[in-house]
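Student: Residues or ranges marked as domain 'PNPLA' by TrEMBL: 41-124. Summarising the annotation, TrEMBL assigns transmembrane segment to 144-165, 177-195, 207-231, 251-276, 296-320, 340-360, 367-389, 409-431, 451-470, 482-504, 525-554, 581-600.
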């Protein structure tokens, strides 16, 4: 990707330059060459630790008169707390005719408010504290609502196997409806053949185009009429019992498959036109054909083949338990020699399809005529083996070796999977026989299709086995074990769940940067294993519990008095089979209605933890800007004042001016893209997303897909964003920027961990409207789709709403956006949790800037590393160069790091002596006492002073008054 794609859109940058120039002019500062001498201040992530350290840095910058010269304030996560405090104070002081950034401005009262609320989440901590209990009650309420949605959705999925069992049971006897089996398989095979043709033949590249769609439809219609005429003329009954005339069956199958190919090509044009109508893509960007991307393959190939395998399995089971010839055979040899004359007609289509696939998968030659012979024999042999297994189950039940009704459930669960395996193995044989006549591209395509068939097959097995065997497992455990064993098992599952949740958030796993838990690297591997295995145990236990609940509810609805666990276990299969389908349908309907109602009314954003988090951040950091007597009027019972927060647009222009009262605030967030098809994001899994007083959006470019051309996600005006009530506020911006605990968290996203975090509502992120879409609502009106994306870490850039979380999930220093704007001077306060001085965030920033912007940052941090050894030459800062590769003078990066040299004042040294982890105490510690607050604040001042005392800033230019050490 070229670097110009990562630059700021001209219209957005021009507006920012205009505002910055106006502000400089209003303060009597120079406005020449503004674009070439931006001054940026970046405050890193790190929770309240970063905010308090940043406060000390801000105080020092004010004392030197530097704050008025800062053009951009870029904040991430905890840096956003204090950045929001600064921006809010600039606005409200301006209204009081005061300059908050002036050297003589009095910050005493505002800082006193911060100190009072240093335990901002729960100002009063204790067993009988209403603040502490409120934290618990808010989480419990929101979690129960989210869990109810998840449980209902899973229950709906677990009810489907029960409904499908009725279909499986009746399908062999539905007569002409069995044509659906053939149609589904033809749809899948036609799509496969069309793809192979595109990849091997020149004329095939136009096959799935939209030209001649009508003529193809007419030809397909003619083929269908011809097929029906042939069936009548040949006196061929596709679904008659007895011996099959294979000549007639093969002729009909050939015409059906060719008809399917014509219909598929005709349907392409209709699909594309429909896509334009529903705004799936713009008319000018509409594709000229469908090339079967991941989504199209799943919808038009994988699902039809899965469904046809299910129906084939039902028919074979019907043949096993029926009175036909296939039911009388009892050995593999007998099946292999005679079963081919009795296979149901849809299998004729499967056999014939191998010749079609062979023809379109080979580059040239006539080998396609012979290549399918051995694969067809392999498929026939595998079908014979499957029939033997089905016969074995039926015989075991007849001989009372297994309970009544169990054999049918065994066939229902396992036979479709066995048929899929047989088809896949036969295709592998076909690929091997074609050998060099095929291409690597064809083989790779088949491998990917096999992967998707495996994924869908696994999903089927997971839900079918859970729905059928889950209740039996629970009743068996209760029946055979003592009561304490059941309680121990449930308790073990709960402990496993909590351990998996903790491990998923641990910094020693891939769970979360700036974690709430820091552990030694020696237990990193065990924690990673816990984070992988324990969520699997949790999900399995959840499926078993829900399936058991469904089973008991159905029995109660059917008025079955099951009495004890022993009876429930002993009569599991009759109980599973006896309730009529009307009971299952009724329960499914009730679950669906309740799920729809909850997904409609329970806002996925409002019932996350973000609102709780935002209100407390606003009370502490934005409320501190309303420190004059009588200005802040909190509600007497809750202690909150909604006016503490203010619209983001309000900090961009004052009432009687057209420029901000302070630096232009950039709040950095991460747009999660774990579900994106963009391979450039396979490591990052996210992109930057920024909120400023003027625009909200992202500079991310997505690659060309079936949904149109490549392009920039772009930005939208803050005043026009999210409808009438959806415009972001400053409090919302800084809370989302600090949403570290989130199921989707950039390159730390793990689907298993995401599932657990979602179920337990550890969700601080926010679903923002996509700037490219015309979303008039600030939140999705129907939450279920986005809840599923959170459950599986599948957020993407194509949906109407984007999952936005902690900016540290992308870049934790806040410097990335300042580099994008090509600032000539950047001061960065880095207060991340980095006790071993690995400089993870700094290293990540340097790499991304070089890859995305072709900007090289040179910074030597050796003197900072020496602080770990109490070296007298150690420093808590470094000064480096920024080479923008534009021919202009290099920029300057001043890097301030939270660390100790031993030269700090006595109060800081005393706190350090009693708290050895200082200044890298856990980010999970969001409850600061006065000594902790003051120590980080003083350290921020000390580090800034040591770095900047010998530097002068004037008009965006750095001057060194004395030589720097080292």
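Each Cβ is built from the backbone N, Cα and C atoms, and glycine gets one as well.
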Student: With pairs restricted to those 6 or more apart in sequence, evaluate whether the transmembrane segment (451-470) and the transmembrane segment (177-195) have 3+ C-beta pairs under 8 Å.
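Tutor: No, the transmembrane segment (451-470) does not contact the transmembrane segment (177-195).
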Student: Given pairs 6 or more apart, does the transmembrane segment (581-600) have at least three Cβ pairs under 8 Å with the transmembrane segment (177-195)?
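Tutor: Result for the transmembrane segment (581-600) with the transmembrane segment (177-195) is no.
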Student: Mind checking which residues of the chain, 6+ beyond the ends of the transmembrane segment (144-165), have their Cβ under 8 Å from one of its Cβ atoms?
Tutor: 310, 408-409, 412, 463-464, 466-468, 542-543, 546-547, 549-550, 554, 577, 581, 584-585, 587-588, 591-592, 594-595, 598-599, 602, 607, 758-761, 763, 783-784, 787-788, 791
Student: Excluding the flanking five residues on each side, which residues at least 6 beyond the ends of the transmembrane segment (340-360) place their CB within less than 8 Å of a CB in that stretch?
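Tutor: Residues packing against the transmembrane segment (340-360) from afar: 178, 181-182, 185-186, 189, 192-194, 196-197, 200-201, 204, 238-239, 242-244, 246, 249-250, 252-254, 256-257, 308, 311-312, 315-316, 319, 324-326, 367-369, 371-372, 375-376, 379-380, 383, 423, 426-427, 430, 434.
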Student: Summarise the domain 'PNPLA' (41-124) as counts of helix, strand and coil residues per DSSP.
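Tutor: Counting residues per DSSP class in the domain 'PNPLA' (41-124), I get 47 helix, 8 strand, 29 coil.
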Student: Within the domain 'PNPLA' (41-124), what mean pLDDT does the predicted structure show?
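Tutor: 94, rounded to a whole number.
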